[in-house]
Ligand SMILES: O=C(O)CCC(=O)C(=O)O
């Protein structure tokens, strides 16, 4: 019943059977043709004229910036395009900012290589009544001062330019870099970078801010610490040797900026800071002290 019914509905007789047999290949052929036309047509429409490679390449930083920020008129000393220098605010008391990947690995290695041959035991600015003997043990690293002109790789000049951009304080206000190496057990007890005239005598200019560029990772210890962060520990007779408060772990290529002066020009008491002893590994850091007058 089922078979007969199928023939009847298609043709009504033997000639109908013939037509059914002929129609099947025709249908198959047209389907294939449609499929091929669709396939090649879609290729034509989806292909990028610049090629697949171009599609896979991410937009360059410049092109991305152009797309996000339309052009802005700029002054003689300005930059033709916005800069991207990512940072994280670590604290408002003191004003401390962290700059991930501020310098490349290669730049850090260049600075270490240039400084290595010149290292001497680090020294301290002495307060009235202090001597080398009475301050022994406060700062136990080795270090050297390096100005950008002394660096044949030009790395320090590049870093200096970027620090000036990040702080908006011209390069001419920066002291030469103080490149420091801390070996196991070495440290810098808490201190201020700004000089209180009551303790150090009259000052021609003052340190406004410090920018630290970490040149190596440190396996354990060696954090830059701010024991008075947010006003903590200020009233407990804090022992300057103690490693407490906000601790910043050194990471190769990252930068740390903090301000030693308040906006009104007085010393920010929460900017007290130091370096915890290195427990494992070796710490290298380049410090740039920035002043309120040209150096
Ligand atoms: O080594 C550090 O993390 C701190 C360095 C420092 O306190 C300084 O150079 O004034």
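Note: Cβ is positioned from N, Cα and C throughout, glycine not excepted.
Because TrEMBL annotations are produced automatically, they should be read as predictions rather than curated entries.
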Segment assigned the feature transmembrane segment in TrEMBL (from 6-25, 26-45): 26-45
Range annotated as region 'Disordered' in TrEMBL, from 88-107, 108-127, 128-147: 128-147
